[in-house]
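Trainee: Mind looking over this structure? Questions follow.
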């Protein structure tokens, strides 16, 4: 029994020494014991929507806010034209990560297109920056306006 | 969360998997049998929604319950036929000195399961592919759903829609029956595999050393992260390693049922990640080489190699020509993904250099794999310099490491979208349990293990001898009275 107790002490010592190696100590502190995602921190925010917002970040919240504005645009079947991210950044919009149409569909259940998507001619709303670095969803009134927008977007490479 | 659904699924996975394992009649410990029942059950069940879709059965909650229960009953037939042979398993309790390690592992497993439950699916690879299909399958009751009307190109180089329906199927099942994010199937695979791996390693080296090896294994940051982030590589690693380990066992006994089990495991690995077919084709050469050295006739070697490749080829056929062809209403062009300059072999060596210098032994590699490779190289170095002892199994594990490394580099060369930093990074997971297996078989740890076992045995005997006279010194009171 003494030998087994000695081995148990060696096991405890091995664990303590292992987690004192700087890298593993840091992993334990910053990852495993990460308070921001521990049960005790988030136990009051366990609804599906809260968990999605926590994981997907502000983009998830902002895109769903846009979708909530769809009724105001009075469109039968809204199809959003997604801007290139560089276009938004050049206009001082930094808080929005532009996602691809599939991710937009996953996050919101609504369809979107790139400027080079096959269905781009059907796009009827767009995300346009104002002068304060904010983005507004706006209706594209006609094909002429759509093509003006496409001409601007096509100057940017779609690079996520 | 629907706890009833989870309990139903665990039973369904277990009985389905238990029936499958029974079909192969492979001898394994009670723990291994339990773990492989769950692992096989989960993986085979991932095909159920695909089969329902192919048969035009609406993917609804009642249908899903019925089909999963039906599959469990169907696969339980081999068990029912042999019910008289069923014995109660003999479980060995862990030693006192294993408990500190087991507590740490349980703590880490709890963190993993919690994150698996709490987080929604995150990787872009699944959000733009299999998870997206699964989400809308649940809403629209068909896998050929509205997702395919969205522009699913990813800067013109996407093939996420064409990846294995392994994740899609399991996400559909778990989203329907357990919780909106699905995912908990990954915890089932993780716990089952890790439990088996621990029992395997402790059967090779002294449990104290097994605990230390498993601690190093558990604390690999990326490997741990992919126990709660759904992607293909962790599950692929499980089947690849299990296939490789049972192939090592098969080389010892040359039993056909074990070879069939090996081909099934490699088949499952190929079903999860089709590139495994290339790895299987290289592993079969290794197997043939060992058989040739063991003086097996060439005809026999060829037959066994064909049997070995049957599983990966069959499951690759099912994956590509049955599932993806019929379930993904889009055209897949492999030619677009292939390297167009195959003659430039210097690029191949550049990929190997990248794998070593930019990934495995770099600051990025440290973030991903921690010091795991350094531990492995230290043990290997001691074996080369000091003990100079390589067992057959240790040697085979080392060959396995080499095969995975060389094939991953080759895949990065053949398919440029298979990048070193992303795809190969997770592909390298397959090295990890092989390296743990090698370390367990290494000369230095075997020596240490033998020493600990001798000491432990001596201490136990000493304890028994010391206890025996004490027993004799205190005779039963009745006997004493009788003599009087």
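Glycine is treated like the rest: Cβ placed from N, Cα and C.
Below, the features straight out of TrEMBL:
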type	residues	note
COMPBIAS	B:466-477	compositional bias 'Low complexity'
REGION	B:460-484	region 'Disordered'
TRANSMEM	B:29-52	transmembrane segment
TRANSMEM	B:64-81	transmembrane segment
TRANSMEM	B:101-118	transmembrane segment
TRANSMEM	B:172-198	transmembrane segment
TRANSMEM	B:204-224	transmembrane segment
TRANSMEM	B:231-248	transmembrane segment
TRANSMEM	B:260-289	transmembrane segment
TRANSMEM	B:301-324	transmembrane segment
TRANSMEM	B:368-386	transmembrane segment
TRANSMEM	B:398-421	transmembrane segment
TRANSMEM	B:427-445	transmembrane segment
Trainee: Please tell me whether the transmembrane segment (B:427-445) and the transmembrane segment (B:368-386) touch - that is, whether there are at least 3 C-beta pairs under 8 Å between them, with each pair 6 or more apart in sequence.
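Mentor: In contact, yes.
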Trainee: Counting Cβ pairs closer than 8 Å, which of B:29-52, B:64-81, B:101-118, B:204-224, B:301-324 has the most of them with the transmembrane segment (B:260-289)?
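Mentor: Comparing B:29-52, B:64-81, B:101-118, B:204-224, B:301-324 against the transmembrane segment (B:260-289), the winner is B:301-324.
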Trainee: Considering only the recorded stretches B:172-198, B:204-224, B:231-248, B:301-324, state which has the highest number of Cβ pairs under 8 Å to the transmembrane segment (B:368-386).
Mentor: B:204-224
Trainee: Against which stretches of its own chain does the transmembrane segment (B:398-421) lie, if we need a Cβ under 8 Å and a gap of at least six residues from its ends?
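Mentor: Residues 157, 159, 240, 244, 275, 278-279, 282-283, 286, 337-339, 342, 347-348, 351-352, 354-355, 358-359, 364, 380, 390, 427-428, 430-431, 434-435, 438.
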